[in-house]
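Student: Please see the structure below; I have some questions.
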Amino acid sequence: MSVNYAAGLTPYANKGVCGLPEHFDNPEELKAKVETLAQLIKESQYLVVHSGAGISTSAGIPDFRGPKGVWTLEEKGESPHFDTTFEDARPSFTHMALLGLQRAGYLKYLISQNVDGLHVRSGFPRDLLSELHGNMFVEECEKCGRQYVREKVIGVMGLKPTGRYCEVVRSRGLRACRGKLISTILDWEDALPDRDLNKADDASRRADLALTLGTSLQIKPSGDLPLLTKRKGGKLVIVNLQPTKHDKHAHLRIHGYVDDVMKQLMELLGLEIPKWDGPTVCESSTATTETTADVKPPKIGAASGLHLPSLFYEARISILCNGSQVFAKVDNYCGRRVAAWLFQSIKALDLTHTEATNVKAKNTTAADTMAYT
């Protein structure tokens with residue numbers, strides 16, 4: 001819960017302006033503004049979305065500076081109300097709509113200040129996502145940089161060690177990395193992760209349209225990234241009920257619940273909302289092909305104990321699960337160690353092991369397939 005996250009941060013005086021009044025566009029205004037937004041998106045060549053805590057409130061996770069936000073209530077000496085845990089929270093309509101926009105080719109990159117992990121759990125491709133403040137479900141090897149997506153929250157904050165160690169084997173015959181795993185959640189004074197920040201910076205400069213959803217844009221440098229798009233001649237659209245730091249720079253300002261805005265937007269664009277069938281992890285935006293489009297990846301819970309898909313990253317292996325079968329797509333196959341890894345994954349998924357196709361080539365250029373039933 002965001003309240004537990006907030007309680008885990010070190011004391012900090014400057015948390016921004018909290019509790020500003022909300023403003024709502026009337027139905028006619030909202031409709032007209034969303035129609036304008038839809039046209040801007042159709043004309044855009046490179047749309048970047050910046051998401052904040054406001055997109056997760058409908059999932060039961062409180063925001064921070066809203067009228068009932070964690071820090072707003074803290075200033076009043078009151079306790080925040082929460083409806084769910086991070087583990088039980090389901091992606092909101094907006095989370096799934098963003099996935100739909102990405103799959104339709106409109107959304108090129110997503111930058112989030114949220115730590116709730118709902119973008120990842122919605123199935124949004126991690127290679128098109130910057131989580132600038134970390135993810136409650138992700139820990140990272142401080143030695144090799146490999147990240148592990150877990151089923152449960154890490155339980156440690158401030159980039160501190162989690163007590164686990166990296167199990168990546170970089171090449172055949174070598175021992176596992178064994179680097180210490182650390183939390184990816186930032187504390188107030190922690191620097192933003194270079195990898196995520198650099199990609200977010202590049203995407204913001206490249207964008208011709210920046211859309212901010214549910215964020216007051218108060219925290220630097222995350223909140224200033226949309227201005228990079230503006231400075232390059234792009235347009236800025238802000239969707240938020242409260243005033244934001246950069247309202248004066250916005251080409252369009254929409255005052256409405258983000259879920260309501262996204263529902264109208266998806267209808268205008270003629271796009272369906274992807275169905276959420278439980279937490280899944282999508283590492284790459286290019287992983288889904290025409291032949292695997294309907295194959296469901298394993299749930300985080302089934303794979304997390306084996307550190308999938310991170311463990312298979314070096315050999316470029318993706319695990320796909322469809323009913324009673326598990327398929328492992330193998331690129332650049334190096335050694336039989338991969339078979340042992342796959343066998344372990346099958347055991348974890350409670351399936352019987354039968355190797356249907358042997359991968360014989362070494363360092364293959366085309367993707368081979370190993371199937372187990």
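Including glycine, each Cβ sits where the backbone N, Cα and C put it.
Heads up, TrEMBL stuff is auto-annotated, nobody curated it.
Quick paste from TrEMBL:
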- 27-272: domain 'Deacetylase sirtuin-type' (DOMAIN)
- His133: active site, proton acceptor (ACT_SITE)
- Cys141, Cys144, Cys166, Cys177: Zn(2+) binding site (BINDING)
Student: Looking at the binding-site residues Cys144, Cys166, which sits with the largest number of other Cβ atoms within 10 Å of its Cβ?
Tutor: Cys166
Student: Tell me the coarse DSSP state (helix, strand, coil) of Cys141 (Zn(2+) binding site).
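Tutor: Where Cys141 (Zn(2+) binding site) sits, the three-state DSSP reduction gives strand.
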Student: Please classify the secondary structure at Cys166 (Zn(2+) binding site) using three-state DSSP.
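Tutor: DSSP assigns Cys166 (Zn(2+) binding site) to coil.
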Student: Report the residues of the chain - excluding Cys141, Cys144, Cys166, Cys177 - with C-beta within 8 Å of the mean position of the site's C-beta atoms, for the recorded Zn(2+) site, in sequence order.
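Tutor: Leaving out the recorded residues gives Glu142, Lys143, Gly145, Arg146, Tyr165, Glu167, Val168, Ala176, Arg178, Gly179, Leu181.
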Student: Taking the Cβ of Cys177 (Zn(2+) binding site) as the centre, how many other Cβ atoms fall within a 10 Å radius?
Tutor: 17
Student: Within 10 Å of the Cβ of Cys141 (Zn(2+) binding site), how many other Cβ atoms can be counted across all chains shown?
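Tutor: Counting Cβ neighbours of Cys141 (Zn(2+) binding site) within 10 Å gives 21.
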Student: Would you mind reading off the Cα separation of Cys166 (Zn(2+) binding site) from the residue listed as 'active site, proton acceptor', to the nearest angstrom?
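Tutor: For Cys166 (Zn(2+) binding site) versus the residue listed as 'active site, proton acceptor', the Cα atoms are 22 Å apart.
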Student: What are the non-local neighbours of the residue listed as 'active site, proton acceptor', defined as same-chain residues 6+ apart in sequence with CB under 8 A from its CB?
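Tutor: Same-chain residues close to the residue listed as 'active site, proton acceptor' (Cβ under 8 Å, separated by 6 or more) are Gln113, Asn114, Val115, Ile185, Leu186, Leu192, Ser222.
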Student: DSSP secondary structure for Cys177 (Zn(2+) binding site), reduced to helix/strand/coil, please.
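Tutor: In three-state terms, Cys177 (Zn(2+) binding site) counts as coil.
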